[in-house]
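Novice: Would you mind keeping the following structure in view while I ask a few things?
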Amino acid sequence: MHKELYPVNSEVAKKAWIDEAKYKAMYERSIQDNEAFWAEQAERLDWIKKWDKVKEVSFKKPVSIKWYLGGKMNVSYNCVDRHLKTRGDKTALLWEADNPSTPSRKITYKELHLEVCRFANVLKKMGVKKGDVVTIYMPMIPDTAVAMLACARIGAVHSVVFAGFSPDSISDRILDGQCRFVITGDAGFRGSKVVALKENIDKALVKTPDVQKVLVVKYAGTTVDMKPGRDLWYHEEVKTVSDQCEPEPMDAEDPLFILYTSGSTGKPKGVMHTTGGYLVYASMTHQYVFDYHEDDIYWCSADVGWVTGHSYIVYGPLANGATSLFFEGVPNYPTPSRFWEVVDKHKVTIFYTSPTAIRSLMREGDAAVKTTSRKTLRLLGSVGEPINPEAWAWYHDVVGEGRCPVVDTWWQTETGGILITPLPGAIAQKPGSATLPFFGVQPKLLTNEGQEIHGPGEGVLVIADSWPGQMRTVYRNHERFEDTYFSNYPGYYFTGDGCRRDQDGYYWITGRVDDVINVSGHRLGTAEIESALVAHHKVAEAAVVGYPHDIKGQGIYAFVTLKSGETASEELRKELIQTVRKEIGPIATPDLIQWAPRLPKTRSGKIMRRILRKIAENHPDQLGDTTTLSEPAVVQELVDNRMNR
């Protein structure tokens, strides 16, 4: 059994940036004297021109969020150039390959500077200009961080697409971003499998006629088709350019990147983050949440295709002059000891991973952990979804041997950085709780009707005021931004998560309240999975819900109604799984498919997902009121044939 409360270790508190007294004082000031507080925090970066006004925010329609108005800076300069005098020979990126026998790579800040300048000059030569959107579909190699920083250097907006996404998902994102330039690799590796990146791009580009140039990084050495006039090899182009490139002065509110995330309506949303506020927030949260100090070796095991990789592998750590480890592999290849072997090999001090990875390694037993030393570790972090207390305790007691605080961080693609988290030297930890808000963050709990809940209680989690890392809009669709985040509870940012607050004021995230499933820390819209299923010619209708999954947190449970005359079969089930994998990617593979002759609907024809959720969760005793259904008998039929018992 785990304890309910893990007090702050006094040794940790002594060395930490923030102790309990400082947290309370700084938090109080960040709320009471908000603008002065955020003006001070912005001094951590180098500005070409200081801002005229700290913030201008309205959470009421028309929604507008602006920070550091009139300020000018360059993100690439702040992550690379400004470290050259004092940290030029320090390792910036430490790369560990998928295959443990592949030599690791160290790239110093001096080397990173030259690589970023060269890459930026190749982009310019291709015709990329300030404000252009560039799609990046790359393996987890240092060139990916270089490509992102090169875009930031010349003022281009990057749109990184996770390398596990299918050609259809890539083309959707290219079209939505009106993107004319793509950067990819020949192929990548993941758990010994080859990921055919260039081949996927070629398939995606059939639907995207506006793409003019594709820059291909030679990495895996696979044979790929190169289309003359469109496709360019990076290793050939880079020979023709200079290794110096002046950083473009950018307005604080100029876009830095777009990152697509799942929405409840199906079409992925282009979450847009801007330059100044985003970097202030990524840098500050990286320093204080992970208690980062100059000699730390920091490793976030996420993929750069997700926001965690943007904020806490690339931008936050590099803005702080850190050594950031870039890992190509997976937790269990070639053995379940891999994470801890990498920790020992590179003397990692701070380690940040997902509950899914922790649960999958916990299932393998303690022996795989205990064959390694891990003595350099001093802090552990968790991100992507709520961590169950048992996994938290195993992470703390077995991996961290009871000496490493665990920062269980809650945040979202939309928030740019961590919003609710323990600070290791200041806040006692409760397994499973995200604990308390970060500086300047004002969480509130509301009833479904929008009434604020004071003290302990459970409700919908909203945030009452802006913070610099907040997204500014949905790319080219501000109306959708307002509708999704600001219309349910006017005057607040709606997170889409449910939350409980205990008697100590600690926050416990209870999961999504909208139609989004959190699978292995990755958000998937149920609507996009349903659309993929219904795209099969034998399917009439589909409804997808999440259900508790021991490893992934949530699994995907699909109820499928076939067209009349069609017959369910194991063969068809496999076909449907392949359809979803092709349309969205392997991450969206349904775990369970139940054949449903009919779906429970209200008299107005709306599918009652609440009921389907209870059936999928194996709680047929908690169905609640079914009298509003047009055919109540449907429910018993589904209960009798449920897959998850």
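Placement of Cβ uses the backbone N, Cα and C atoms for every residue, glycine included.
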Novice: Using only what Swiss-Prot says about ATP binding by GLY384, GLU385, PRO386, ASP408, THR409, TRP410, TRP411, GLN412, THR413, ASP497, ARG523, identify which of ARG476, ARG480, ARG512 is listed for that site too.
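Specialist: Same ATP site in Swiss-Prot: ARG512.
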Novice: Can you see whether DSSP assigns VAL539 (Mg(2+) binding site) to helix, strand or coil?
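Specialist: It is in a strand.
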Novice: Looking at CoA and its recorded binding residues ARG190, GLY191, SER192, LYS193, THR308, ASN332, SER520, ARG581, figure out the farthest C-alpha pair and report it in angstrom, whole number.
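Specialist: Per the listed residues, the maximum Cα distance equals 24 Å.
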Novice: Please list residues from the chain of ASN332 (CoA binding site) whose Cβ is under 8 angstroms from its Cβ, counting only those at least six apart in sequence.
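Specialist: Result: GLY191, ARG338, SER360, LEU361, GLU364.
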Novice: Would you mind ranking the binding-site residues ARG190, LYS193, ARG512, HIS536, ARG581 by how many other Cβ atoms sit within 10 Å of each Cβ and giving me the lowest?
Specialist: LYS193
Novice: Fewest other CB within 10 angstroms, which one of the binding-site residues SER192, THR409, THR413, SER520?
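Specialist: Lowest Cβ count within 10 Å among the binding-site residues (SER192, THR409, THR413, SER520) is SER192.
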Novice: For a quick check of understanding: among the binding-site residues THR308, VAL534, VAL539, which residue's Cβ has the most other Cβ atoms within 10 Å?
Specialist: THR308
